[in-house]
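Here is the structure we will look at.
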Amino acid sequence: MSDNQNQPPSREQQDPQHTADDQQQSDEQPRKRPGKKPLIILAIVVIVMLLVGFWFWFSTRNIETTDDAFTEGDAVTIAPKASGYVVQLLVKDNQRVKKGDLLLVIDPRDNSAQRDQARAQLGLAQAQLHQAQAQLALSRVQYPAQRDQALADQAKAQANLLNAQADYRRQRGVDPRATSQRNIDTAAAQLRSAEAQLQSAKAQVEVASQVQLQIRQQETNVEARQQQVEQAQAQLNTAELNLSYTEVRAPYDGFVTKRNVQQGSLVQAGTALFSLVSPQIWITANFKESQLARMNPGDKVEIGVDAWPDMKLEGHVDSVQMGSGSRFSTFPAENATGNYVKIVQRVPVKIVIDKGLDPNHPLPLGLSVEPKVTVE
């Protein structure tokens, strides 16, 4: 115990504060020298991000895309041109039809009656035409014959007049004792009668000589009958056309949609019965105006369909609309009011699908798609 008391005090015992400072310095020394590993990791991360960003820029520098794109196609409203009850309905919703297929039939009885009446009128007009043609042929023979007969009658009347004149002169020239006053009066009466017959014969010749005029009159009658036949034929064609309107047929290949008619329904001319959608589908993509600088018709396009993520379509740019979508809207913007705010305009671009689409199962209209256009 005396040995412990004779030993000098340790450094910690002599200066406790100094010992605490040394301990603090020893704790701070590792924090001042963190090492190079975190810096290396940070540098690698930065380099990888730069490489990824460069690769993304390099791979997409010639790609223009938009999600404002939809499927489009021809869709017409089928409406009849005849009114009546639907007696046959031959299609169902979403049924595919071919051009010329019969879709429905409207009661044709009224139109059939009009067709039969027009056909009868045509037959009557044709009969009258044949009669006029026969009369024309007869007049071409009869009228010259009548003229010749009139000339012959005139010659006969001329001869009778000469005989009457000779007989009258003879009666006046003989000795009064050799004749009688009665004979003289008879000769004078015959002379007057012969003169009258000659005048009548000349008049008949004058009338009969108008052969060409008489024939022309018959030709005019034939022409009028021909016009009546053509009019009746036009009425028959109209009646047959109206009868054909009772059958509604497909104007082209497509799919029946939005059917709102049933068998037995009373439809009016012009009433929308259903729509017919063509299987020829294209894409209308609304690109920003800043994306059109290098976009040209013929550029290749890859198309993704939201409804079928696994479906990949290929196509090309067909055309760029000559005007933004807002320019052709019902109420275009009025920028001269003083409250102008610049908005990036979108221009519709038509994209035609080349590959990847089954023609027997086209895409419905209005589906959202995402085209990627490879520009030069």
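Every residue gets a Cβ built from N, Cα and C, even glycine.
Automatic prediction, not curation, is the source of TrEMBL annotations.
What TrEMBL lists as coiled coil is 177-249. Under the heading compositional bias 'Polar residues', TrEMBL lists 1-11. What TrEMBL records for 12-21 is compositional bias 'Basic and acidic residues'. Sequence annotations record features per position, and here TrEMBL assigns domain 'Multidrug resistance protein MdtA-like barrel-sandwich hybrid' to 75-277. Residues or ranges marked as domain 'Multidrug resistance protein MdtA-like alpha-helical hairpin' by TrEMBL: 148-214. Look at TrEMBL and you will find 282-366 tagged as domain 'p-hydroxybenzoic acid efflux pump subunit AaeA-like beta-barrel'. The annotation region 'Disordered' is assigned in TrEMBL to 1-34. Residues annotated as transmembrane segment in TrEMBL: 39-58.
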Given a Cβ distance threshold of under 8 angstroms, which distant residues of the chain, six or more beyond its ends, lie next to the transmembrane segment (39-58)?
none
The domain 'p-hydroxybenzoic acid efflux pump subunit AaeA-like beta-barrel' (282-366): DSSP-derived helix, strand, coil residue counts:
6 helix, 32 strand, 47 coil
